[in-house]
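Working notes, structure below.
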Amino acid sequence: MAAEGGVAFVGAGGSGLRGDGGGFVGERVGRRWRRPVGGVRDRRCRLTGGPRMTAAIPADGDSADKRSAIVREVDDVPVNLTAIEGSDPEIDDKYKKWRIRTFYSIFIGYATFYFTRNSFTYTAPGMRAALGLSLEQLGVITSVFPLCYGFSKLISGVLSDRFSTRTFLAFGLAMTGVINILFGFQTSLMFMIPLWALNGVFQGFGAPPCAKLLTTWYAKSERGTWWGFWNTSHNTGGFFIPLVAGYCVRAFGWQYGMIVPGSIAIVMSLFLYNRIRDTPGDVGLPPVDVFKDEATADSKPATKKGSKEQGSAWKTLKTHVISNPYIWLLAVSYFFVYFVRQGVSSWAHIFLLDFKMVGNAQEAAFRVSGMEIGGLLGSLTSGWASDRMMRGRRIPVIILWLLGVMASLVGFYYVPGSWRYVSWLSVFCIGFFIYGPQMLVGLAGAEIVDKSAVSSAIGLLGWIAYLGASVAGFPLTKIVTNFGWGAYVASLLCFSAIAVVLLLPMWRLGMPDTKVKPVPVAVPAAIPEGVPAAKPVPAMAGAGEFRDCEKCATTGFIIKMDCGPATPNQAMSCKFIEVPCINCGGTGHVPL
């Protein structure tokens, strides 16, 4: 179907692109793309999608009324005209605004998840005094949360890949708010336990959608930095919730320590639904990998929710997550990382009181407070290092940070209890180094799977990670009871070392393959008998005289290396491909 006034690309939509200075001029008319005859494709514009096309090219001398057309059926893979960053100021500005808008929304949203997650922790003392609950009863309420939360991250990760990320995130936050409010009206342990278990279920709706949005809106070369900034949202939420809940408990009673954070969460869920969009395509923007000029031969846009290509949830999980050996190495290492993190955050202050003979609980709390501050800086630094210093390679940074954890644990054990600030610094270093792997393992998992399975991968990793966190509870206390506090530190060191060993096979993940592969050497075609080697070669079919093409050695093609993202079998997916020689047009000879 020819387009009047230019070349028509029939596709699934997009926005018009304009190139100045003789660049490509694109105009959208209904569901078609038009280009004036004689227009030149700007190098900063890209035509993506590669199914069959039919073309009718006008002969030399044809008038402008005889239009050339490239027609493509709508039912095939869409043909999209996309602009690389810097080619169109309007698109650049729009992309910048939406990326900032998406980031601050998920940052504030996930910090609010921590409001409704930690509200019980800072309300429990007032609840215990008002209701006469024992420490064991409070422990039962606390213990049901991580088990439900870890399992929920797995299920919600799969579901988040199937439905709207924006809706899923907002719905989860709203439900945690409702549960916190209902919890504030309870006085019976029989109702508190299932409510807090249900809160763990909906808390799992937070991290997988945020991970999906980060991989959708930020390219690989910058994702570590932005992921690190987002990872500090739980430090932010963890900093403010004691102030909010503590004030409400003192001023109004323990019930308001649950009701107020719950109300804030409901309001924030409406904010998230208003501010977030699932993909750049939802607002007429190109995929971020194309926009940042990082698209590879294997790159493809995220599959549309509910489409036939997306398949079933089980198929997505099985194909892209369960069958990926890298995911399992990351998952088991995540188990040990979370064991160490939870083991330090839960028991370090008691270690100081019982083993280091620190004077009182307030002094122990001061020394342990360095962990969150160190964690915030460690997340940012590790993300920056993996982006800038390692060029997107996460595993070497994770291993380096885990070695730092081990060194910090040794210092924490041997520092005398009377050295107040050195003890604080040792806990600061533990937080700095443990929060880097805690953040980067999830990011590495999100990057080695297809974009349609990011939330599923994060869900599986989170589920296994929180199994490790649960082992750092009662089982770790049994180790301390039977073998002493030296065994406590030894367990943390041992589990850190195991995580390092598990990650070593992935050291080269993302590293270009340095092995030299044999490239076929093109053999020049034989010169017809009787023709001097330095003379022009007679062309076939009497089309004139030609000479050998030096670029392809008369073969008509050249060999190029085409590289894509990493696969389970190699650090980077590269292959040699034959492409027509542009110097001779694929003939092997150049006309004189």
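Glycine too: its Cβ is placed from the backbone N, Cα and C atoms.
TrEMBL annotations:
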| type | residues | note |
| --- | --- | --- |
| DOMAIN | 102-508 | domain 'Major facilitator superfamily (MFS) profile' |
| TRANSMEM | 100-117 | transmembrane segment |
| TRANSMEM | 137-156 | transmembrane segment |
| TRANSMEM | 168-193 | transmembrane segment |
| TRANSMEM | 253-273 | transmembrane segment |
| TRANSMEM | 326-344 | transmembrane segment |
| TRANSMEM | 364-385 | transmembrane segment |
| TRANSMEM | 397-415 | transmembrane segment |
| TRANSMEM | 421-441 | transmembrane segment |
| TRANSMEM | 453-473 | transmembrane segment |
| TRANSMEM | 485-507 | transmembrane segment |
Is the number of Cβ-Cβ pairs under 8 Å between the transmembrane segment (364-385) and the transmembrane segment (137-156) three or more, considering only pairs separated by 6 or more positions? no
Compare 100-117, 137-156, 397-415, 485-507 by their Cβ pairs under 8 Å to the transmembrane segment (253-273) and return the stretch that comes out on top. 100-117
Same-chain residue ranges lying at least 6 outside the transmembrane segment (100-117) that approach it to Cβ under 8 Å: 145, 169-170, 172-173, 176-177, 179-180, 199, 203, 206-207, 210, 213-214, 217, 226, 229-230, 233-234, 236-238, 240-241, 244, 261-262, 264-265, 268-269, 271-272, 275-277
Sequence gap of 6 or more, Cβ distance under 8 Å, 3 or more pairs: do the transmembrane segment (485-507) and the transmembrane segment (168-193) meet that? no
Under 8 angstroms, Cβ to Cβ: which one of 137-156, 326-344, 453-473 has the largest number of such pairs with the transmembrane segment (168-193)? 137-156
Using a Cβ cut-off of under 8 Å, list the residues of the same chain at least 6 residues beyond the transmembrane segment (137-156) that approach it. 117, 120, 124, 127-128, 168, 172, 189, 192-193, 196-205, 207-208, 455, 458-460, 462-467, 469-470, 473-474
